[in-house]
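> Quick one: this structure, given as structure tokens, is what I'll be asking you about.
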There are 2 protein chains.
Amino acid sequence: MKKVNLCLLGASGAVGQEMLKVLEERKFPINELRLLGNREAGKKVVFNKKEYTIEKVTKDSFNNMDITLVAVGADLSKKLSPEAVKAGSIVVDNSSAFRMDKNVPLVVPEVNPDDVKLHKGIISNPNCSTIIALVALAPLHKFGKIKRIIASTYQAVSGAGKEGMEELEQQIKDYVAGNKLKNSTFKYQILHNLIPQIDSFDKNGYTKEELKMTNEGRKILHAPDMQISCTCVRVPVIRSHSEAITIETEKKITVKKARDLLSKAKGVKVVDDPEKFRYPMPLDTSDQDDIFVGRIREDISAKNSLVLWCAGDQIRKGAATNAVQIAELLLPELEKKGEEAPAKKTAAKRTCVRKKAAKK
Amino acid sequence: MKKVNLCLLGASGAVGQEMLKVLEERKFPINELRLLGNREAGKKVVFNKKEYTIEKVTKDSFNNMDITLVAVGADLSKKLSPEAVKAGSIVVDNSSAFRMDKNVPLVVPEVNPDDVKLHKGIISNPNCSTIIALVALAPLHKFGKIKRIIASTYQAVSGAGKEGMEELEQQIKDYVAGNKLKNSTFKYQILHNLIPQIDSFDKNGYTKEELKMTNEGRKILHAPDMQISCTCVRVPVIRSHSEAITIETEKKITVKKARDLLSKAKGVKVVDDPEKFRYPMPLDTSDQDDIFVGRIREDISAKNSLVLWCAGDQIRKGAATNAVQIAELLLPELEKKGEEAPAKKTAAKRTCVRKKAAKK
């Protein structure tokens with residue numbers, strides 16, 4: 001298999017660090033590895049027993065890279081991802097910058113792997129809550145066609161990055177020490193609290209985070225008419241998101257059928273044995289890639305409606321693992337291109353398509 | 001106003017202690033106060049600057065008491081509440097023991113105060129999550145008739161009493177000290193975790209806690225056909241429950257109308273100003289009686305459907321305050337009876353009715 005020149009932009013953040021861990025674990029075929037991150041530039045990082053130094057981003061940073069994993073915020077990604085594409089790299093972007101761009105596939109490898117093939121240089125990694133919900137819901141949708149989703153999320157502080165996790169940890173320490181609790185990453189104290197706002201508000205009263213589930217969910221499932229309403233809430237949990245979900249389907253799905261479909265689904269672990277007090281809990285899903293699904297029951301409030309509860313590690317499957325899985329889906333394309341054309345030419349072609357798309 | 005002989009069964013628990021606080025704050029007209037509690041019998045308690053001793057329960061405990069507030073578990077209440085009624089007392093029971101009994105009114109004073117008049121000796125205090133939801137939903141139901149409720153709860157550890165709060169506090173201390181975390185009140189660690197099970201499971205996959213919302217909600221709102229589905233989750237929050245709620249109504253309710261209805265409603269505080277980052281949070285509702293309601297928006301997934309978020313102190317409005325409010329509703333009845341008949345006779349009559357009811 002062709003070994004890949006891989007660039008990681010945002011190597012010092014929580015997701016960037018996890019991406020390195022996942023690349024190593026999954027034995028991703030790396031030739032050259034380049035780590036970029038302005039905040040911790042100069043820092044040494046060990047990957048596959050070799051030491052790397054995090055570099056500052058320059059105009060040459062993306063030269064000669066096959067794939068660039070982008071683990072920085074949307075504003076920076078908007079600026080740098082097109083630069084990486086111009087330099088010949090395929091970008092897998094974890095930010096929200098390009099997710100709803102018609103020319104950018106939005107991919108959960110267990111759900112819509114083939115969409116990767118439609119990329120024009122950038123592929124977006126969906127929002128963490130969307131990934132976690134869709135891994136659980138796609139097998140049910142395939143069987144019974146979901147018409148409506150109502151979800152309430154219980155989102156870990158890791159969703160706000162390293163700073164979010166550190167802020168909760170510090171609040172716990174200060175609480176025990178009797179010190180005043182400070183907050184800066186979150187608008188309010190998160191210890192012993194819940195914050196029903198993630199991202200900014202839209203005019204319709206939903207937050208952008210809540211609308212991501214609607215818009216991204218429809219795009220990934222190729223279901224423009226699916227009705228989705230979500231309430232997103234930050235909870236004092238370190239790194240796994242949980243979601244209480246009600247789905248209304250065109251075709252009835254019994255609990256038995258749902259368990260059966262989900263137990264055969266990739267990336268899902270059915271944890272659903274009420275008698276033995278077994279159900280998904282964020283603590284149990286930490287540091288794992290599977291989305292745990294349980295509390296599956298027929299909705300007593302409507303026909304052809306199912307209620308379930310799922311949990312998944314936000315930093316792994318909700319971000320890093322999903323991005324690396326997308327990169328894996330790119331390997332055949334890179335192998336093929338390596339055979340048929342020199343890197344520069346491919347890059348030029350790709351940039352061209354991208355420019356055309358941007359004009360539309 | 002007639003001063004009341006008041007007995008408090010379960011005086012040493014979290015709810016019992018809060019009841020004392022609320023009785024004092026609201027200047028409940030007390031003649032004699034009797035505090036009962038086997039666990040902390042002998043303990044001194046100060047009420048209205050006077051010292052009282054918690055007594056063990058005996059066969060004479062309820063003699064000469066006008067009202068007995070019951071703040072013990074359902075099993076003990078099942079045994080003792082009828083004893084109190086026999087002894088001539090009206091019982092306000094915070095447990096689930098009699099809530100669905102046809103002869104027992106289930107009352108949220110802001111919602112169905114007149115139901116108190118139908119009592120035959122016992123009045124039940126609803127489940128905390130039900131009270132919190134219904135204070136917020138009743139004004140909307142009155143206007144637009146709610147057909148369906150889908151709720152996800154975020155329930156504080158105080159719902160498991162003093163022990164629940166102590167367990168979270170101890171886990172925080174042990175976490176910071178680097179000790180092994182212990183749990184006994186909760187099935188699993190609650191710090192940094194969510195437990196999607198409260199109370200035991202029913203055959204239909206819902207927990208009893210979740211079905212309380214369905215059954216109690218219908219009873220309180222006199223709406224036997226209302227469809228209600230709930231997911232109840234324990235979260236690491238000390239004493240306020242929050243709920244993400246979607247309601248489908250017969251008549252459309254705009255956001256403006258909902259805010260208007262709720263801002264005029266008793267027991268509700270509308271906290272709903274996204275631009276100023278104002279929405280209900282459990283920390284803000286602690287030690288208060290109002291149910292905070294916000295994040296009110298039209299459901300983008302269905303017509304005539306509204307989404308909101310509410311939070312309220314579980315120990316106060318979810319339990320103690322609601323019970324004391326019910327006791328206040330009983331004062332006119334006691335005044336009248338005090339004028340027309342000696343206590344013994346009234347008690348005998350009441351017992352008789354209760355026995356008849358039990359036979360049905």
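From the backbone N, Cα and C atoms, a Cβ is placed for every residue, glycine too.
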> Of the residue ranges A:154-176, A:177-199, A:246-268, A:338-360, which one carries the region 'Disordered' annotation in TrEMBL?
A:338-360
> For the recorded positions A:ARG99, A:ARG234, A:HIS241, work out the Cβ neighbour count at 10 Å and name the residue with the minimum.
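It is A:ARG99 that, of the recorded positions A:ARG99, A:ARG234, A:HIS241, has the fewest other Cβ atoms within 10 Å.
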> Out of A:ARG99, A:CYS128, A:GLN155, A:ARG234, A:HIS241, point to the one nearest A:GLY13 (NADP(+) binding site) in space (Cα versus Cα); all of them are recorded positions in the record.
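Closest recorded candidate to A:GLY13 (NADP(+) binding site) by Cα: A:CYS128.
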> Among the binding-site residues listed here (A:SER12, A:GLN155, A:SER158), identify the one with the smallest other-Cβ count within 10 Å.
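Least crowded of the binding-site residues A:SER12, A:GLN155, A:SER158, by Cβ count within 10 Å, is A:SER12.
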> Could you tell me which of these binding-site residues, A:GLY13, A:GLY159, has the fewest other Cβ atoms within 10 Å of its Cβ?
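Among the binding-site residues A:GLY13, A:GLY159, the sparsest Cβ neighbourhood within 10 Å belongs to A:GLY13.
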> In whole Å, how far is A:HIS241 (active site, proton acceptor) from A:GLN155 (substrate binding site) when you measure between their Cα atoms?
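Their Cα atoms are separated by 4 Å.
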> So how far apart do the NADP(+) binders A:SER12, A:GLY13, A:ALA14, A:VAL15, A:SER158, A:GLY159 get, largest Cα to Cα in Å?
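Maximum Cα-Cα distance: 15 Å.
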> If I take the Cα of A:SER12 (NADP(+) binding site) as reference, which of the recorded positions A:ARG99, A:CYS128, A:ARG234, A:HIS241 has the closest Cα?
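Closest candidate to A:SER12 (NADP(+) binding site), judged by Cα separation, is A:CYS128.
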> Could you check what DSSP calls A:SER158 (NADP(+) binding site) once collapsed to helix, strand or coil?
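The residue in question, A:SER158 (NADP(+) binding site), is helix (DSSP, three-state).
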